[in-house]
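As structure tokens, the structure follows; a few thoughts come after it.
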């Protein structure tokens, strides 16, 4: 094999840095040639016959490469912790080792290559390796073989020891995995030094011989040749450990057993395999270089060799993602990943060993990358202009729905819209909501709109998302909305809706304090509008029905409990001709006048008797007026109290009343004049009780109980005697009254009219009345005053068809006057008066049970009786007698009560038998007169 030619005298010889022998193809690959001064690199490939290449490789390795040999060490059977085993060196190598790593955790390797035990061990045989790495990054593996020392041999002397050392030859055994037939194949020959002096035969046992896999290795007992009988899989058995023994012809073991380790040399017979999860997520619009995930793969071939060196390659989507060829980490290649364009990306990944060489084994798989949503799309309106219609005065109703489109993930904050009326809602007439299902904007009217003021409202609606915009230059969008207000027939409206009036308290009744008018929104005038009060807690104001004028009806008192913060509210109702209504509020701001004087709060006070020391009490006053008609107060002591009492410590509303000199216990009357700031006030009496106090509570004395004896004086005894005499007289009077009481007289009443007519059994013929109509007098004159006060009289006047005027009277006077438009139905029955009134859209019905009808019925009956008996003609009982009949009324259920209607053809007086017990005495008198002719 040759290096590339070079110009003579210009460049030094190139250095071959790396060669590779392809066992499968039988080629040598010269990967790198470096010229020292320029570091130029050339790659050359030469092909030759397999045998020639193999020979060249052996010669090349002999000259240039480093091949550490296995190290055989004999140690005691029991090795303590910290025991030095041996030192690893790279004999014949120019490389400088920088790190050592033991494959057995029971041993550690120091920086100088010395191997030391980490714990106490019992060793018969043991094998492990040390990985050595030089300063250029290349590494070698040194095999360490431990065997137990033979103590007997050590005691026999130096000759025996020297013989034991050369008893077995070094045994660097290895086989290539998956070797091709034919089998068996020779592996290595073993020989014992005893074979020089003895005829020996060899026996092997252990793994691969007498243990699984049984029979893989065979031994020629005479020659010591170890053979392999079949292909070996390194991934299952990277090495085989068995022992060899030497026996003489008498089957005596002539030497110590030899531990044999057969290493299986790896070939690239396993393709890389994917491991772990290949489903990844990353946000759309993420920055370039953002880590997406890592593809993991393994190769069963020998680690840290080209056979297991994996290279990761993306097969597609290379414009969106990139992959680290050595680690398999996938990263975003740009910041333009768009979930709305493609929410999942299926990326093909190839994993190839041999560092990605064309002859490397490979596998392919798919990584699924899901793009998560960010709010990179604002909601957009489907129309450029929206319109809606609503009737005026409607509130809390839906006006219109505004649809939008949003490409972001549904039902996430990136998709959910939030709406706002950004223009035209200065008065707060509207509110916006979002339909959670359709994401539409819902426009509601929360305050009624006025067609007369704004028939058309131009609004602007803006749509946003719950989440802020990310990774986009787009802005929130707005759309105009035209809302047409429809006119409706409205009721009257007060302007202003709340009117404030300043009034002084105690204004005279009838004083006009203002006018509160309502206007028809359509006509802009107040014609035909009537005004009524809805609320007026104190009945202080009256409203003129036709004009809305407000007048004082009762005393306005600022200090009343109905007044709050000097204001008093009245609600007025306006009604137009179509019965539509509107309400307004009048707030009276009552101004204070000096109509109250200061009043002492507690006119009865207790003063503690302190013996020789003077005492005092606090006198407090209040005035319900406000400043300047109240505090500070002026306190003055009555003129006669000089020398007894004095006032001190005067404040705005209190004064201290103090004794001039100590006073004995007792009641004292102290006049004190209290005036407000305007000098208005009067003299008031303070009753001061001087007593021996049990205690004082907040400066107020609590007097003790007074001991007193009760005895009767002369007047008391006299009062008791007089009371006894009066009681005795009362008892005598009651006894007399009970013993002289008259018996009750039972009077029967068959007709039921005796409850009103007076009984009389002493009637006799008297002067007959000529004109019976004299008894037809008004009922109110018949009924006495005591009965009249309990009876309601009705006087009716029919003014026109379909129109009825009526007045109601009571003992207190006229209490109602009405004129009805649709007539009145009334009727009299025995014991009932019914009156139905229809009009003004209301129904009123009055039913009064009274005895007035009974009086009228009996009066009619008596009129006819007296008219008959008042006739003076001799033939007054004749059939052709002219008879007078009174007005029986309307609808009488008793029928005719004419006294003469039951007379027969004869002039007999038998009809009197049917008149009842009330008129039998009169009938008897008349009948007797007729028979006697008197």
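Cβ atoms are placed via backbone N, Cα and C, with glycine included.
Annotation source Swiss-Prot lists domain 'Cadherin 1' at 167-274.
Under DSSP, residue 197 (N-linked glycosylation site) is assigned to coil, being neither helix nor strand in the three-state scheme. Residues or ranges marked as N-linked glycosylation site in Swiss-Prot: 197 (among others).
Annotated domain 'Cadherin 2' per Swiss-Prot: 274-381, in sequence order.
The DSSP secondary structure for residue 296 (N-linked glycosylation site) is strand. For residue 296 (N-linked glycosylation site), the Cβ neighbour count at a 10 Å cut-off comes to 16, with all displayed protein chains included. Feature annotation from Swiss-Prot assigns N-linked glycosylation site to 296 (among others); the stated evidence is sequence analysis.
Annotation comment: Swiss-Prot describes 316 (among others) as N-linked glycosylation site, evidence class sequence analysis. In the three-state DSSP scheme, residue 316 (N-linked glycosylation site) falls into the coil class. The local packing around residue 316 (N-linked glycosylation site), expressed as other Cβ atoms within 10 Å of its Cβ over all shown chains, amounts to 13.
Secondary structure from DSSP puts residue 509 (N-linked glycosylation site) in coil. Take the CB of residue 509 (N-linked glycosylation site) and look out to 10 A: across all protein chains shown you find 12 other CB atoms. Taken from Swiss-Prot, the feature N-linked glycosylation site covers 509 (among others), and the record attributes it to sequence analysis.
If you take the C-beta of residue 565 (N-linked glycosylation site) and look for same-chain residues 6 or more apart in sequence within under 8 angstroms, you find none. Positions annotated as N-linked glycosylation site by Swiss-Prot, on the basis of sequence analysis: 565 (among others).
Taken residue by residue with DSSP, residue 569 (N-linked glycosylation site) is part of a strand. Around the Cβ of residue 569 (N-linked glycosylation site), the same chain contributes 535, 585, 586, 587, 588, each under 8 angstroms and 6 or more positions distant in sequence. Positions annotated as N-linked glycosylation site by Swiss-Prot: 569 (among others).
For 717-737, the entry in Swiss-Prot reads transmembrane segment.
Residues or ranges marked as topological domain 'Cytoplasmic' in Swiss-Prot (evidence: sequence analysis): 738-934.
Across the domain 'Cadherin 2' (274-381), the model assigns an average pLDDT of 94.
On a Cα basis, residue 296 (N-linked glycosylation site) lies 18 Å away from residue 316 (N-linked glycosylation site). Residue 197 (N-linked glycosylation site) sits 60 Å from residue 296 (N-linked glycosylation site), taking the CA atoms of both as reference points. Counting only the Cα atoms, the space from residue 509 (N-linked glycosylation site) to residue 296 (N-linked glycosylation site) is about 101 angstrom.
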